[in-house]
Amino acid sequence: MEAIISFAGIGINYKKLQSKLQHNFGRLLKALTVTARALPGQPKHIAIRQETAFTLQGEYIYFPILLRKQFEMFNMVYTAHPVSLRALPCVETEFPLFNYQQEMVDKIHKKLLSPYGRFYLHLNTGLGKTRIAISIIQKLLYPTLVIVPTKAIQIQWIDELTLLLPHLRVAAYNNAACKKKDMTSKEYDVIVGIINTLRKKPEQFFEPFGLVVLDEAHELHSPENYKIFWKIQLSRILGLSATPLDRPDGMDKIIIHHLGQPQRTVSPTTTFSGYVREIEYQGHPDFVSPVCINEKVSAIATIDKLLQDPSRIQLVVNEAKRLYSLHTAEPHKWGTDEPYGIIIFVEFRKLLEIFYQALSKEFKDVQIIVPEVALLCGGVSNTALSQAHSASIILLTYGYGRRGISFKHMTSIIMATPRRNNMEQILGRITRQGSDEKKVRIVVDIKDTLSPLSSQVYDRHRIYKKKGYPIFKCSASYQQPYSSNEVLIWDPYNESCLACTTTPPSPSKQKHT
C-alpha cells in the first residue's frame, strides 16, 4: 500500500485503507479519538468535546508520523516530502547542567537523532526544562522553532537563548514582527513564537525547521492550538511539560498520539524550607451560598460570588501586609538579607484590577505589578514584564501564572480564590531551580468554610504533604478579617502533631521533586 509523508503526517487513501482494514477501520479511528470527561457543574447544553489523532484532506486520511509502526504490516511504500535543512554554526559553548539534566539531554538527543524523532519530557516546575531544550538545540544544530503559550515565556526563552548560545541568531516572532516582514529560518537560527500567532501560519512556514520545541505542550489540546500538530509532522519534535496528563477533562491525552508517552527524569535533591498558613474564613451569608446551573454547583459562578464580599478582599490585603511586614522588618530571621516577593493568585482577570486597587491603598510606596492586566488591552508590554522581576507584589490569575513564568525572587504565595487543579505548577512559582534555597517559602491558603468549595482544600493538602510543608491553621470572618493565632494541624515529621503556636514555625525542608 502506498502512503505519503508530509507536513500533515502519514497520508493514506481513505477508501483503500478502509477496504484493507474492514471492520477494524472503525476500531482504529475510535482508538485515536479522545472524548472529554464531563466536569462537575458543566451545563447539559454544552456538547462533550472530542478530538481525533487523524485528519481528513481530500481523498486522504492523515495520521501522526509517530504511529507509522502500526502500518508496517501493510508493507507501506512511502513517498516523503523532500526537506533540505541547513546546519547551524557549530561553536563550542558550554553551560552548566545538573546531573539529572545531563542524563535527560543524552536520552533526548539519542531519540531525536532519527528523522521524525519525538520526545515528550515530563519535568516538574522550576527544574530547568528550558535549559535542557537549549542543550538539545546546541547538539542537533538544526534551525529551531520554539512555540510558547505567552509573551512572558517568549521573553524568558529569548533571554536564556541569548545568554547560553550567544553565537546564534535568535528572534521573537509575534504580530508586530509579522507586520514588518515574514521571518524565516534563513534569517535566524532560532525563532521563538507564540502559539496564537504561529497556528495561523501555512504549512510552508514550518518546512525549514529541523527541530520544533513545544513549551507547555499539554496546553496544545485546545481545538485551535491542536491544529499546529498537522503542520509540523516533518520536524523532530520535543515537547516540554510539568503536568502532561493533569487536565480534569482528560483532553491532554490527545498529545500522546503525536509525542508519545511522557518521559520523566530522576528527581533532583534541591530543598526548600516552607510551610502553609491555612485560614478558615467564615464569609457573610449573602456571599457564601452556592450558585447552581442546571441543578449543579457552578464553581466559576460561586467563586465570583465569594469575591463580592468586601471583607474577604480585605482579608487578602491584610495577609499581604502581614507577609510584607515580616519580610521587611526581620529579613535575617527569615533567612535572607532582602525582602521577599509575594505572588497573589486569583481566578479571573477582572479580579486583578479589584485587588490592585485594594492593595494600592495600603501599599502606597511598594511596587505592585499586574503583568496580565495589559493583555486586556491587546498585549502585555516588555516594560511591565521587566518590572515584574523586581516587584515586591505580583498579581496573577492561576491560568496565566501556572505556566512557566519565572520570578526567582518570589517566595510567598497568597491564594486569594479557591483552587483545585494545577497546584504543582502553582507552588512551582516559588520553588524555581537556581533560586535561593535559604529563603523560607510561605503559602497562604484561604478556606471558605461555609462555601461548597471548601472541600477543595483537601486536594491542596495532598500536594502540601507531598512537598513536606507543615500546615498551620487559623481563622477569620467577615466581622473580623484579621486572622487569628496559628494552630499546627499537620507536620511532615509528626502526623499526630496538634501544637499551638503564635510564631512562625520551624519550616521543613522540601525535596524538590
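Each Cβ is built from the backbone N, Cα and C atoms, and glycine gets one as well.
Looking at 15-18, 23-26, 215-218, the range annotated in Swiss-Prot as motif 'DEAH box' turns out to be 215-218. Cβ neighbour count for Thr130 (ATP binding site) (all protein chains, 10 Å cutoff from its Cβ): 21. For the motif 'DEAH box' (215-218), the number of residues in each DSSP class (helix H, G, I; strand E, B; coil) is 2 helix, 0 strand, 2 coil.
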